[in-house]
Amino acid sequence: MSKNIYPVPTHIKNTALVDNDKYNKMYKHSIDDPQSFWAEHGKRLDWFTPYSKVKNTTFDKGHINIKWYEDGYLNASYNCIDRHLKTKANKVALIWEGDNPSQSEHITYQKLHDEVAKFANGLKKLGVQKGDRVAIYMPMSPQAIYAMQGCARIGAIHSVIFGGFSPSAIADRIKDSGAKVVITSDEGRRAGNCVPLKANVDEAVLQESVTSIEHVIVHQLTGGDVDWHDHDIWWHDLVADEEPVCEPEVMNAEDPLFILYTSGSTGQPKGVVHTTGGYLVYASMTHEYIFDVKEDDVFWCSADVGWITGHSYIAYGPLVNGCTQVVFEGVPTYPTAGRMGEVVDKHGVTILYTAPTAIRALMAKGDEPVASSHRNSLRILGSVGEPINPEAWNWYYEQIGKSNCPIVDTWWQTETGGIMITPLPGATDLKPGSATRPFFGIAPAIFDAEGNTLEGEADGNLVILDSWPSQARTIYGDHERFEQTYFSTYPGVYFCGDGCRRDEDGYYWITGRVDDVLNISGHRLGTAEIESALVAHPAVAEAAVVGYPHDIKGQGIYVYITPNEGITVSDELTKEIRNWVRKELSPIASPDMIQWSPGLPKTRSGKIMRRILRKIAANEHEQLGDTSTLADPSVVDELIENRLNR
């Protein structure tokens, strides 16, 4: 735990939206009287029919029900675009920065409106209606935003699938959502390489078990060769004759806006459902207050729209607030490690929101990341995706921000819809590695394993005591799983699945997942999902997957495999297994270390003792603890002897 404290800088405090006194006052109001607090802040949106009901929620066992602004009517796309046209039609909404540094495009709010309206009309022409699900598998192009906003405009529910996922992962998500349309590009571009997006979609939708797809819309990005099928249609042909006018569908606040799949510990991805009203209130409010957003700011969130960060802090929050933002197709180290700083200078970025993984990757490059840029425009820095270690925090603060920019280290989840625990730039003294204090309306607590509340300085499991507007409403098609996953461990509260420590100043420190979900470079992957892919390989009898500390990615993937009888283990087989997982799941899921073993440590009831595997993977085998329940303790000796992470 870092002992250093960084006070709020005077130059930030003097102009900030919220200072410490205002934070304390607003926070108290939000907890003491959430009804009046959120009634007031719901007015930040434009409503076709104003709400009279604000909060109607219960976490009671068997009756989990979450509703906010339930009698209000609005449209997400209208709030992101149309309401700005009277005063900001010519303001830049999106600055698209290509993978190739020579490519960029400025898109005004008027142009955004016109492109979204034309695409929305195209969707309607294909028979897409309110409530239909639409899958989106695209690179970080303006068209990805047009697609999301186009769906929202007509009331279709989008399900964005990260462009790094494999055909089988795409197919699983399409089958679960029942999507009738997929939107993709011919290819994506990443670090100078082409990514076969259309080919992956083809492989997914041509599976016999995928029966719901009626159309595949293809945006031509690279001009690369693609196979063509009867259900395919080019984006440019779809919108060619469409007018740039499309009346926004009137949506109830509780109508679903999107489904976003996230890894579950059981192996089957969970379709997290977010609705329209409360989600937009919270996404836009957190964006404004946490990043201290002003009219002339240029915001850059470096996430992908395939993840929740790209939904809340690219596709929705900043646009609701009428902000100018960078949409980045590339990676921060291509073509050189100086790229991130160069993009900041090129577009005058004032607020940068990125992940510890990117920061650690840049740290490893010495002076190169900062040598080619001055970054004088930066005012606020942010971190997202996983806890940031103090070393990376200090480097980010000193090197990227020149010791002049507060860092908002934000903790939240796909299921929370928006940032939950975070500093506010003008209100919070910073401690490197701490997410600090809860945002307005968030009531965190720390429980021990038995569900007792821990007061004061404490270390345990993080829970949230009451609902907030952007909370996920359910898991698509499986409300029972929603209740089981988030509300059964500690009945009556929301269980985050994260360990947490609270220090003597009341600051919160997130210590990582307590379930079988890994956090790889800020991407959540279920160990069960990876294990399922591994045991599908004919050479694998049994597999166990654990995380271990990784200098760049935060967590690495360590795999223990027992081969089938008669299988000869070799470097070639190890390489084949690694590529197998890449193909079955995603390159992100590719194992960092693969240890072959004649057996795995199991209890007498046959349960694999993952605690022991985690200790060995982390090279902490001296701290194994009690092994008395093992069926065969000699297995552990063999695993320690042949461990890979020394």
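Backbone N, Cα and C define each Cβ position, glycine as well.
Just so it is clear, the model here is predicted, and its values are computed rather than measured.
Here is what Swiss-Prot records for this protein:
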BINDING   R190, A191, G192, N193, T309, S521, R582  CoA binding site
BINDING   G385, E386, P387, D409, T410, W411, W412, Q413, T414, D498, R513, R524  ATP binding site
BINDING   V535, H537, V540  Mg(2+) binding site
MOD_RES   K607  N6-acetyllysine
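Reported as a whole number, the C-alpha separation between W412 (ATP binding site) and H537 (Mg(2+) binding site) equals 35 Å. Summary of the Mg(2+) site environment: with the site residues V535, H537, V540 set aside, the chain residues having Cβ atoms within 8 Å of the Cβ mean position are A533, L534, A536, P538, A539, A541, A543, I561, I577, W580. The binding-site residues close to T414 (ATP binding site), defined as a CA atom within 10 A of its CA, are T309 out of A191, N193, T309, S521, V535, V540. Considering only the binding-site residues T309, S521, V540, R582, the residues lying within 10 A of G385 (ATP binding site) on a C-alpha to C-alpha basis are T309, S521. Taking every pair among G385, E386, P387, D409, T410, W411, W412, Q413, T414, D498, R513, R524, the residues recorded as binding ATP, the greatest CA to CA distance is 18 Å. Neighbour density around each Cβ, counted as other Cβ atoms within 10 Å, peaks among the binding-site residues R190, P387, R513, H537 at P387. Look at V540 (Mg(2+) binding site): DSSP puts it in a strand. Of the listed binding-site residues G192, G385, the Cβ environment within 10 Å is emptiest of other Cβ atoms at G192. When other Cβ atoms within 10 Å of the Cβ of S521 (CoA binding site) are tallied across all protein chains shown, the result is 20. For the recorded site, G192 (CoA binding site), the DSSP three-state label reads coil.
The two recorded residues T309 (CoA binding site) and R513 (ATP binding site) have their Cα atoms spaced 18 Å from each other. Largest Cα-Cα distance over the residues recorded as binding CoA, namely R190, A191, G192, N193, T309, S521, R582, equals 24 Å.
When Cβ neighbours within 10 Å are tallied across all protein chains shown, the highest count among the binding-site residues A191, V535, V540 belongs to V540. In the three-state DSSP scheme, R513 (ATP binding site) falls into the strand class. Over all protein chains present, the Cβ of T414 (ATP binding site) has 19 other Cβ atoms lying within 10 Å.
Looking at G192 (CoA binding site) and P387 (ATP binding site), their Cα atoms lie 30 Å from each other.
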